[in-house]
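Report on the structure given below.
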Ligand SMILES: [Zn+2]
């Protein structure tokens with residue numbers, strides 16, 4: 001099937017209490033691994049492509065890889081711009097074939113974030129593309145984003161509810177204590193914020209920085225209204241560990257298929273485990 005908007009599965013996720021994983025693509029092997037995992041789990045999925053990944057792979061390659069994956073697997077797959085930084089990049093991605101976009105205006109004052117996000121929603125919805133907005137500042141490092149612990153600010157529930165009412169985004173990322181990248185300790189998730197916001201908006205909440213969050217915390221977050229969870233770091237850790245080990249143990253290995261193939265397998269297993277944990281297995 002063709003790439004779908006997140007509205008193909010997010011309303012069902014909110015209603016039935018599961019979450020759909022966004023798995024970031026970094027190269028061909030990631031796309032193959034994530035798609036295979038989806039096929040084996042019969043799970044809907046979201047390919048996340050950051051601006052950094054788009055620069056690395058090329059915009060048209062990103063779209064082509066995702067399209068082929070959706071067509072050949074028959075799975076409901078959304079291709080989603082991760083942390084889009086401007087109206088211009090969002091439009092560029094939609095025109096190239098993205099079925100979903102995130103506009104991250106979280107670093108703007110609330111009024112400006114609402115104004116800019118609304119503009120993105122109007123344009124995207126006109127062509128059937130779903131939009132994720134963000135409120136509060138999620139800490140950690142991811143591609144072009146680098147937010148120190150002091151600068152990370154939790155989302156204010158009243159502001160989050162108003163943000164959704166005015167922008168009508170299809171999914172809302174709010175800062176609730178998770179961070180991009182690896183955790184040093186265990187993240188302190190503010191379940192009260194998730195619960196309060198979720199009860200007052202009509203769409204699922206998005207949890208960024210899903211890597212390394214304990215399974216029980218993930219399950220609790222989903223039960224309170226999280227319907228989309230972003231995972232990237234755990235796949236990077238799992239695949240790089242395999243490559244490092246193989247190359248260290250086999251100094252003569254030069255065929256990329258010999259080390260990227262096993263790395264792909266490691267990503268697939270990681271993604272499958274997440275799909276089961278998120279409850280999206282069997283929902284495609
Ligand atoms: Zn993020």
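Note that the numbers count up from 1, one per residue, in the order the chain is shown.
Glycine residues also receive a Cβ, built from the backbone N, Cα and C atoms like all the rest.
Curation plays no part in TrEMBL annotations; they are all automatic predictions.
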From the candidates 107, 208, give the one listed by TrEMBL for the same Zn(2+) 1 site as 83, 180.
208
Per TrEMBL, member of 181, 185, 261 binding dihydroxyacetone phosphate alongside 209, 210, 211, 230, 231, 232, 233:
181
Surrounding CB atoms that lie within 10 Å of the CB of residue 230 (dihydroxyacetone phosphate binding site), all protein chains:
27
Within 10 Å of residue 230 (dihydroxyacetone phosphate binding site) (Cα to Cα), which of the binding-site residues 83, 104, 134, 208 do you find?
208
Spatial neighbours of residue 134 (Zn(2+) 2 binding site) among the binding-site residues 83, 181, 232, defined as Cα within 10 A: which are they?
83
Residues that sit under 8 angstroms from residue 233 (dihydroxyacetone phosphate binding site) by C-beta distance, when 6+ apart in the chain:
180, 181, 182, 211, 212
